[in-house]
Amino acid sequence: MRHAYDTETVRAAEQTLMRELPDGALMRRAAAGLAVACGDVLRRNGRVYGSRVLLLVGGGDNGGDTLYAGARLARRGAGVRALLAAPGKAHPGGLAELLAAGGAVIGTPDGFGPVDLVVDGITGIGGRGGLRPDAERLVREATAGRAPVVAVDLPSGVEADTGQVLGPAVRADVTVTFGTYKPGLLIDPAAGHAGALRLVDIGLGSVLPARPCLEALQYEDVAALLPVPGTESDKYRRGVVGVAAGSRQYPGAAVLAVSGALHGGAGAVRYAGPGADAVIARHPETLVHPGRPAEAGRVQAWVVGPGLGNTPEAVEAVADVLAADVPVLVDADGLRLMDTGAVRARDAATVLTPHAGEAAALLGVAREEVEAGRLAAVRELAARYDATVLLKGSTTLVAEPGGAPVRVNPTGTSWLATAGSGDVLSGLAGSLLAAGLAPRDAASVGAYLHGLAARRASAGAPVAARDVAARIPEVWRDVYA
Ligand SMILES: NC(=O)C1=CN([C@@H]2O[C@H](COP(=O)(O)OP(=O)(O)OC[C@H]3O[C@@H](n4cnc5c(N)ncnc54)[C@H](O)[C@@H]3O)[C@@H](O)[C@H]2O)[C@@H](O)CC1
Ligand SMILES: [K+]
């Protein structure tokens, strides 16, 4: 599990630790880890000795880390030059150490010739807003030669706590972050600027609060959470998931939701709605009922919404499902038809799976506002509906009311935006609910498997939803193997 803490918490933890350590010790620890990471990048194309390294140095401690790390590289024989984004404010200790090690300050990258590495030490957790014009110009000049870029703590210019990119920002190949991940390193679009992440332990673990603000499942977490497939021969013991989806207008959504449900670990899928013929034609193993969900027999969880349309039967199906005393997942048209009071009155778990547009409608705000503040939006929805909320996007987020860490899905891809892929996800997550996973786990494991399956199916291009569904079993086997 990758944990992330907001910058205010990180700063407080760093201050606490600094009080117990000699001056500058934390910065030197950070710089040592940064120098090792830079050495690894340099060694990809040769050696540290004789390589040419360009430091972009800001006026705060982020610049300090960079100068001390530059001094270490210079002592190992690299040619190191510093460009100061805030002349006169550069960290004096770091600057002295760089010069003593044979490094130098230059005014422009011209004259230093082609470099092997650029180190972005302009701003870390003290950065506010996109890069200022002078800093942006420095970055543009320094990165014109296409050398690899290592960002220090964060790519300068991104919002560390929200993942937003409000102005010009560095695009790094690697981000070396200190003590803990920050939300902006895990949430798009900022995460897209960070490149590969390397975490340097500077001893913060002992002073950070137990509960992070954000966490991202890793392979091993998913393997531990997945219900063991096939151990209970009695498929009904593995839970039956009900799917109330589709309409005469959109029978396809029912087929896709059922295809996701069939791969989610539930023992059986029970379909209720007008798409029964289309469903049984594609998935003959489905238990189908042409009537309303309330007449469809027992299930351990319901999925309601994909392709329902807004017919009277649709309204009835949503009401039936919300009245059922089992965990339910509401998606797509179900989100539009559901009654807030009915959702909040439920005892059993409720999972809502809006995309940004549906979240905006539920919150009564513009879609751009949701896209600009995804973390705040998903938390607000979870509180307002007292439900687990999965906010789809190139970084899917899962929030619960009551302040549990928000889950960030690390396997998302923008290619998932194709029609119907949400139907597959809702069936998959609902099936994991029926198989007994807690709501937050069912939603985040569902998103994880769904994202992996999309990556397999797409090979870099938009992917058809049915191809995503088809890849889920192999992804499951790999995670579980
Ligand atoms: N506090 C600590 O104990 C430690 C801090 N460390 C480093 O210190 C960093 C935090 O240092 P600071 O609090 O000094 O802040 P930063 O160094 O991150 O940034 C502050 C500097 O950036 C400038 N700045 C702010 N926004 C800008 C923008 N949009 N464009 C251009 N310049 C901008 C400010 O004027 C100031 O000079 C961390 O990210 C990390 O790299 C590490 O050494 C670990 C220990
Ligand atoms: K930086």
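Just so you know, glycine gets a Cβ as well, placed from its N, Cα and C.
Remember, TrEMBL labels are computer predictions, not curated facts.
Per TrEMBL, the feature domain 'YjeF N-terminal' maps to 10-210. Confidence annotation: the domain 'YjeF N-terminal' (10-210) carries a mean pLDDT of 96 in the model.
As annotated by TrEMBL, (6S)-NADPHX binding site applies to 61-65, 124-130, ASP153, ALA253, GLY307, HIS355, ASP423. Neighbour list (GLY64 ((6S)-NADPHX binding site), Cβ cut-off 8 Å, at least 6 residues apart, same chain): MET27, ALA31, HIS91, GLY93, GLY94.
Positions annotated as K(+) binding site by TrEMBL: ASN62, ASP120, SER156. In three-state terms derived from DSSP, ASP120 (K(+) binding site) belongs to an extended strand segment. All protein chains shown were included, and the count of other CB atoms within 10 Å of the CB of ASP120 (K(+) binding site) stands at 34.
The domain 'YjeF C-terminal' annotation in TrEMBL covers 218-479.
Here TrEMBL flags LYS392, GLY393, SER394, THR395, THR396, GLY422 as AMP binding site. Summarising the environment of GLY393 (AMP binding site), the number of other Cβ atoms within 10 Å of its Cβ, over all protein chains shown, is 22.
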Cβ atoms near ASP153 ((6S)-NADPHX binding site) (within 10 Å, other residues, all chains): 29
Sequence-ordered binding-site residues from GLY64, SER156, LYS392, SER394, THR396 with Cβ under 6 Å of an atom of ligand 2: SER156
Neighbourhood of ligand 1 - binding-site residues from ASP61, ASP120, ILE125, ARG128, GLY422 with Cβ under 6 Å: ASP61, ILE125, ARG128
List of residues, in chain order, with Cβ under 8 A from that of ASN62 (K(+) binding site) and at least 6 apart: GLY121, ILE122, THR123, GLY124, ILE125, GLY126, GLY127, VAL152, ASP153, SER156
Candidates ASP61, ASP120, ARG128, HIS355 (binding-site residues) with Cα within 10 Å of GLY393 (AMP binding site): HIS355
Cα-Cα distance, maximum over LYS392, GLY393, SER394, THR395, THR396, GLY422, record's AMP binders, Å: 14
Beyond the site residues ASN62, ASP120, SER156: chain residues whose C-beta lies within 8 Å of the centroid, for K(+): LEU56, GLY58, GLY63, THR66, GLY121, ILE122, THR123, GLY124, GLY127, ALA151, VAL152, ASP153, LEU154, PRO155, VAL170
